[in-house]
Structures are given as structure tokens and as C-alpha cells.
Amino acid sequence: KKGGKNYARDVIVLVLFGNDTLLNVFLAIAVDNLANAQELTAAEEEQEEEEKEKQQQELEKEMEALQMSGDGSPPKVEICPPSPSAPRSKGKGKRGAKKHQEEEEEPSGPKPMLPYSSMFILTSTNPIRRTAHWIVNMKYFDFIIMGVISMSSVALAAEDPVDEKASQNDFLNNLDYAFTVVFTMEMVLKVLDLGVVLHPGSYLREFWNIMDAVVVICALVSIGFNLYDESGNAGQNLSTIKSLRVLRVLRPLKTIKRVPKLKAVFDCVVNSLKNVINILIVYILFQFIFAVIAVQLFNGRFFFCTDESKFTFEDCKGKFFVFQADESDDVNADKFMPKVEDREWKLRCFHYDNVAVAMLTLFAVQTGEGWPQVLQNSMAATYEDMGPITNFRIEMSIFYIIYFVVFPFFFVNIFVALIIITFQEQGEAELQDGEIDKNQKSCIDFVIGARPLERYMPKQSKALKHFIWRIVVSDYFEYFIMMLIVCNTVLLMMKFHQAPQLLKVILHYMNMAFTGSFLLECILKMIAFGIKNFFKDPWNTFDFITVIGSIVDAAVQEYQAVILNFIKGDARDRKDGEENFINVGFLRLFRAARLIKLLRQGYTIRILLWTFVQSFKALPYVCLLIGMLFFIYAIIGMQVFGNIELNPETAINRHNNFRSFVQGLMLLFRCATGEAWPSIMLACVKNRKCDPAADKPDNECGSNLAYSYFVSFIFFCSFLMLNLFVAVIMDNFDYLTRDSSILGAHHLDEFVRIWAEYDPNATGKIHYKEAVEMLRNIEPPLGFGSKCPDRLAAKKLIRMNMPLDEDQSVQFTTTMFALIRENLSIKMRCADEMDQADEELRDTIRLIWPIESKKMLNLLLPNKSELPKPVLTVGKIYAGMLILDGWRTTRFGKIQTGDVQRSSFFDCLLDMAVGSWNNGRPHGEEDEASCLLSRCNTMRRSKKDKQNLELTDVVVSNSRRGSMSSIPDQHRLHPSSSYRIHQSRSRSPSLRSLPNIKL
């Protein structure tokens, strides 16, 4: 007893570092090795395809060389060096263009009819087939079928599995006839429209249609036998035929093909099964090997006598006394007469007498449920026809240790790893045609859904409201509130059972003080922001609900104390008052809910919280698919095991049964957690007693189907479906194992938060100078950072090249998208090819994101043809500033040395821009580049020649790079020899020879 707490700490440390840390290393190793293996396999397949393509090309050239033309000369063949990536990228481009073209050309009305005859009778012009085609492709046809499927599922869940002749079941059977008629009509209409099976696109050439046909045919057969049974001519085996009605549970699966995202999750599961097949074969082989070994070790040694005093089979005969009272009972055991029972030589439920049962036993051991008892039975096994002796062969535990290393630690983790990899590949496969990766897609997804935040700021800076606003938005106020939350948390931890009355009073009044402090916080924020703006922030709403809950809790406690004092005259026993009056203990949860406010503090915590929320957004369709699995198995359990008698001594009792749909779901959820599922399985096998209301003449219920039922459920649920949660969470948290310098969607929330500091009214645009300052204040990989060199920042801004509005502002969405595109190099090319790259990117966005609003697409990637002329962009401004700064350095250096040549027109313009600007120099927010543009665009030379051009022709071209290579030579201004423009083939003008620039 003295070392109990120390032992508890040892167990906790063992679980944390052993089960939660070290054992997950197996999963990490499995995922890493499988990923590497698949990459090597993909590379080998690519290499094989390239070799086949080369061989095919050589073969074609040889064939063309052999086939001479009519004049005896060989045909002209254009010989190009083979490019390994060209055919692949070309194919992808064709597939993407084809897919995009199909989406654009897809008509809004019904799909075109197949050009084949249906059943060799109905041609495409037949009015019956045209009518069927029109009905099947109606807009609301799928919605009607979905509604009928939902009602059919509810009817299946409402049946009474015990009393088959109940009035409730009669009504539901009649309703099922109507559902069967609807599904039959659907099948007939689709067969008339598509044909049966012989031509492409026919009805039975799709998996979902085959499943629909099987369900409809089985339902029709079941209805026929029901009618045959009512006529009194039924045979003895009609109950077996009626079991076909169980296939009605497959009807909800018809919804999968009608919900695209649900179908994507289902395809992931199917692909996972395809990838698992090879490993499953190895798994079964190893399971068979271990089962054979177990049969050799423990065959015939798991028997025992019900009378523990007898050890051998020969002695286990006759009768023995059983005393029901236990030594721990308060009553005297002598008052009860002993019970006489027969001695029986029994075999344990899980044993190794044959290979099939041995594999079942090992599967149960593998799930970790009940395996310690199996281990004890194995160590206690002696010889054939002899009973167990505790720890007779303790060395048999080595068998289970090896088994656990091979199966739960290795094969099970391989299943999880394959599901994770398949899930990730499934998401990446959808992006192959779009030529962007998953990280780029997630970033663009964020940009499409992002909106600027509104931060209220009082207009009158000298008012009391503005003073309070400055207090509540300050960092010191946030730190003070965090300190209060931490202190309140410590206060909650100080409460314990049978605490002294003085401590209770102190904690009570301290809690009231903290509640008053948080109430004062809400009042100050309401005064500073106003009621409407206060509730716009979800965190403020959460704070308000927490404070109101805490106030109600404190008020109810005081009310109970006052009433108790009034009735008894003594308010010392607060506990009795709480029990006698209103119990509002749930309101105290609001005190602990204040801890959630700490999650918004800190950049890293905000990223983790955002990723956690994103994981939940991806889980609904996974949960829906798992819910369909539970629904199907619950209905099957009701139909097969619902009439078993409830016995408190077995696993099928009043708390654990298939008597109703809800009870079945609760039982399956218990099995999914691995809790006592082998006992539940054994309680549902054949030769179990039936419920008296079932009216079974032989009084035998249950079925040996229980073995395959529970084993398959554990396999699909524990090993497959539930691991989809792990796959989704790992898919969203993959940035933790990625290079931290790579921009991800989890960084972009910081952009929205800092943008709100420059745009508190959420107008969606700020001055381009403020945007540059904002990017300077954001650390990489999202922003430039305060330590970013000026030349590098200028190059980034030239590549981003956001267009300016009339007030020289940039848009929120455009800036964020340009930042992502430049950072992740999404279709970034040289200056001459940027216009084509922009169009390709617009097509990719239309392909992957069906953006209906043209305005949103123009915000993401502005269409230059629709922008007002002339187009002024951030890239042009900073390109002009770079040229101007470079000219200053070289020009003034020449003047100081006296080596000044004759000035050209270009030099004159720049002299005017940097010279005497006192007359007419713009003031306010105009910068040097804006002044340069405004002055030079208004000045013309007196001579009408080709030099009469705007400076915009000098600074940039039509591209987004600021490159001068795309300007025609006849329209290009050539500077004097005192200034040299450095060009290169990089993404931006080469600035290596230029000095540092202060932007």
C-alpha cells in the first residue's frame, strides 16, 4: 500500500513510452519503408515504360524505313532526340485537356443516349427508350431514389427481430413491397435505356448496377416466397430462402455513387484492399504457420474438469458439490445447502485442437482481447486427457511473444501504413492532370475560401471608448487574462473529496472573484467594440457563454445556500443543499472551458489548432462510410441474432443484445473497441436458447454465421475503417515531418491575421506600400522577413507583380495568391512565357476548382485583357526603382570622376526625374517611382521620331517579370554607354552587379 502511487507512476510511464511511443515506431518504420518501396517500384515502372517506348519508336522507324515510297525513296521522317518526360507530360496534358473539355462541353440537360440498341429491340429513336432515357436523366430522379433509400433504411431499422408476427412488422413488410416496386422500376428503366450487358456502357457493366440488380432480384424472390408461404403451400426450408431478405441492407450502399466525396473515400478503401491483397496472402500464410505450430504444441491439452479437484479424464466422473456462498459474503455460508452438479470434461472456448479453430484463437489473441487468459491456459497445459496445472510450462509464453512481434507489431502496422499511403496517393492522383501537387492545392483551397478579418477601431481617438479599446487590444491585457486563466486552472485543481470546510469557502469566493474578473473583461470588450462587433468574433462569443455559465453556476449555489439556511437554519452543509435542490453540476464545466482560450495564444498552437479543425472537416465522409458499415452489420445482427434469449450469465444480456437497432449499434461499437468481442461471438453461435416471444418450435437460435460475422466486422472496422481516421489526421499533419521552409496552408492563417492590422475595416485592399511593409513583418516561409535583402525582396515583388487599383492599392485575394504562386513556383516561367503560363494556370484552376464566379477567378489571377489601360503593377514600380537606383549609382559616379559622355534621351529623362524636383514634385503618399512615371509620361520630345515613347516601354514588358527582352527592338530605348542593363535567362533581371537598394 505504501508504494501504490509509485507503482501507478511506473505503469503510466510504461504506457506512455512503451505503448504510445515505442510501439508507434513500428508504424513509422512501416510507413517509411512502404513509401520508399513504392517510390522505387514507381521509378522502375517508369524506366520500363521508357524502355518500351524507345523500343517502340525504334521499331516504328525500322518499319517506316522498310516501307519505301512509290518513287523508291524512303519517306521523310522527322528525327528528334527522344525525351523521356515529353510523352508523359504530353499524355497528362492531353488527359487534363480532354477532361477539362468534357467538363466544359457537358450539357446541362440529359446525357446523350448510347448509340447501341437496347436488348437488340429498342433503337435510339424508339419512343419507349427515349422516354426511359428522359426519366432516368431527370434532375430530380436521383433525389427521389435517395429519398426512397433513406425511408427503406429507416424501415429496416424499425423492425422487431423477436416477434416476426407483430403488427409493426406487417406494416413494414407492406411498405417494403412498395420500396421493392420502386427499385424494380428503376432497374427496368435503366435496362431499357442502357441495355443489359453486351455493349459498352450497358447496365450490368457497372459494379453498382450489378449490386442493385442482385438486391432487387433477391427482394422479388423473398416476396414470392412470402406469398407462397401465406397460401399454405410452403415447404420446410422456406426460412432459409427468406434469409435472402438480409441482402436488403445493401440498399444504403446505393448512395455512395451519388455522393462524389463519399465515393472518393469508398474508392480509397477499395484501393487499400487491392494493395493489401498481397500482404493479406502473406498474413494468412504466416497465420496458418503459427496455427500449425500451435496445434502441435497444444493439441488436446485445453480440456479441464468442472470439478477442480479432479485432474484426469478418468477421474472426472460422477457428481460434486458446489457452494454458492463466497467467503467475502456477509451472510453465513452454512445457512445455504450446497448444489449438486455433474462432473464434466469440457474444452475451453478457444483452443488449438484443429487448424481452423487455432487460426480463430490466434486472431482473437492478435486483437488483444482476452489473450492473457489464453496465455495462462497455454502455460497451464500439461498433457492430453489431463487437466491444467498453473505455470506448468511457462516457456510457452515465448510462442506468444514471437506471435505478437510478428503480427500486432508488424502485419497490423503494415495494414495501417498501406491505408495511409493509399489515402495520400488517392488525393494526389486527382491532381496529376492539373500538374500541381497536394500542398499547392491545399494552399489554393485556403485562398479561395479566405476572407479578410474585420477589426473594429473607434473613430474618435480622444474618446473614452478609444482608450478602453487600446487597453483590451494590448498585449499586456492579453497576458493578464492568460495569467488569470492559469490561476483559475490551479484553483480548479485544488478541490478534492472531503476537503476542509475552510478550504471550500476560500475556493468558493476565489472562484467568484475570477468569475467577476472575466465578466469585467467581457464588459470592457463590449464597450470597446460595441455589442454587434463583439459577437462577430467567435472567441468573444465563447468567452461570453463561458462567463454566463459561470455566473449562473455561482448564482444557483448562492440560492441553494440561502434556501437551505431559511429551511434548516444552518447553511454549513452545502453538499446536502446541493443534493436536495437543483443539481447544476454541469454548469461547472464552464470553469474548465476557460482553458480553451489558451489555445489561441502562440503561433505554433494556432497552427496545430487550425490543422486539428481541418482534420475534422475531412472526417465527415469517413464517418459516414463507417456509419454505413455499422448500419449494415447492425441490421444483419438484428435479423440473425435478435431472437436469442437474454441471459445475465452470457455476453447477450439486457445491456448487450440485438433486440433493437440502437442496441445493435451499441454492441457493435463495443466490439469495435475490442472489448469482449470473442465472448459476444460465442454467445451468438448455433444452439442457443431462443426468446419465448420468438415462438420457435425447436427453441434453438443463433447461427454459426457468428464466426464470419464478427471476424469480418473486426477486420473491416478495427483494421481498415477506423484506420482511415489515422490516415486523414496524418494527411493533415504531414507538414510536421516536412521541411519547415516550405510554405503550407497552415501558415496562411497568419497572413489573414496580420492583414487585418492594416485593413481593420475588411475592405479587402490596402496600399501597395503597406502590403510590402506587411510582407516584411511576416517571417518566412510566408513573408519576406525583416532580414531579407532589399534586392531579393524587390525580385520577389517583381515576380508577384500584383496589379494596382486607381488608388494604388492591392487586393487581399490577389496578393495572397501571388505570394503563394511565387513561393511555391506554381507555373512560374521566364518573362516571355508568363502570359501563356497565366492562361494555363487559369485553365488548371477551372479544372480542379469549379469556380462559378468569374470575379473570384479574376481576383486569383487577374486577366490582363480585362484590366484598364495602361496597367500599373507592383512589378513595374519596383523594376523602375531598381533601374533608377542603378542609374543613380553609375551616373553620379561618372560625374564625380569627370568622365561624362554626351547624354542620350534616356539619360535626360532620368536626369529630370532625379534632378531638380522642387517644381511640381508630388507630395503626400506618392513615391519616387510614381513621380517618375507621372513626369516622364507627360513629357515628349519636340521631334516626332521613334524616341517619342512612355517610360512604361522602358521599364517593363507585357509580362509579369519586368524583363525588357520581350520589347521589340524598334521600340526599345537604348541607354548610353554610361549605363548598362544587365539581363539573364533567370526569372527576374540580374541584380548581382547592382548595389544594395533601400526600398
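Every residue, even glycine, has its Cβ placed from backbone N, Cα and C.
Since this is a predicted model, take the numbers as computed values, not measurements.
TrEMBL lists 41-112 (among others) with the feature region 'Disordered'.
What TrEMBL lists as compositional bias 'Acidic residues' is 42-51.
What TrEMBL lists as compositional bias 'Basic and acidic residues' is 52-64.
Taken from TrEMBL, the feature compositional bias 'Basic residues' applies to 89-98.
As annotated by TrEMBL, transmembrane segment applies to 140-158 (among others).
Among residues of the same chain six or more beyond the transmembrane segment (178-198), those with a C-beta under 8 A of the stretch's C-beta atoms are 113-114, 116-119, 122, 128-129, 132-133, 135-136, 145, 148, 151-152, 155, 204-205, 209, 212-213, 215-216, 219-220, 223, 251. Sequence annotations record features per position, and here TrEMBL assigns transmembrane segment to 178-198 (among others).
Among the features that TrEMBL reports, transmembrane segment is placed at 210-228 (among others).
The transmembrane segment annotation in TrEMBL covers 276-298 (among others).
Per TrEMBL, transmembrane segment is recorded for 398-423 (among others).
The list of residues near the transmembrane segment (476-494) in space but at least 6 beyond its ends in sequence, with Cβ under 8 angstroms from a Cβ of it, reads 503, 507, 510-511, 514, 517-518, 521, 591-592, 594-595, 597-598, 601. Taken from TrEMBL, the feature transmembrane segment covers 476-494 (among others).
Note on the transmembrane segment (506-531): residues 456, 458, 465, 468-469, 471-473, 481, 484, 487-488, 491, 494-495, 540, 543-544, 546-547, 550-551, 554, 557, 591, 594 of its chain, located 6 or more positions outside it, place their CB under 8 angstroms from a CB of the stretch. Marked as transmembrane segment by TrEMBL: 506-531 (among others).
As annotated by TrEMBL, transmembrane segment applies to 619-641 (among others).
The feature transmembrane segment is assigned by TrEMBL to 706-730 (among others).
Residues or ranges marked as domain 'EF-hand' by TrEMBL: 746-781. For the domain 'EF-hand' (746-781), the list of distant contacts is 443, 446-447, 450-457, 603, 606-607, 610-611, 735, 740, 788, 793, 797, 802, 804-805, 807-813, 815-816, 819-820, 823, 874, 877, 925, 927, 999: same-chain residues at least six beyond its ends, Cβ to Cβ under 8 Å.
Per TrEMBL, the feature region 'Disordered' maps to 960-999 (among others).
Positions annotated as compositional bias 'Low complexity' by TrEMBL: 986-999.
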Whole-number mean of pLDDT values that fall within the domain 'EF-hand' (746-781): 89
Residues in the domain 'EF-hand' (746-781) grouped by DSSP into helix, strand and remaining coil: 23 helix, 3 strand, 10 coil
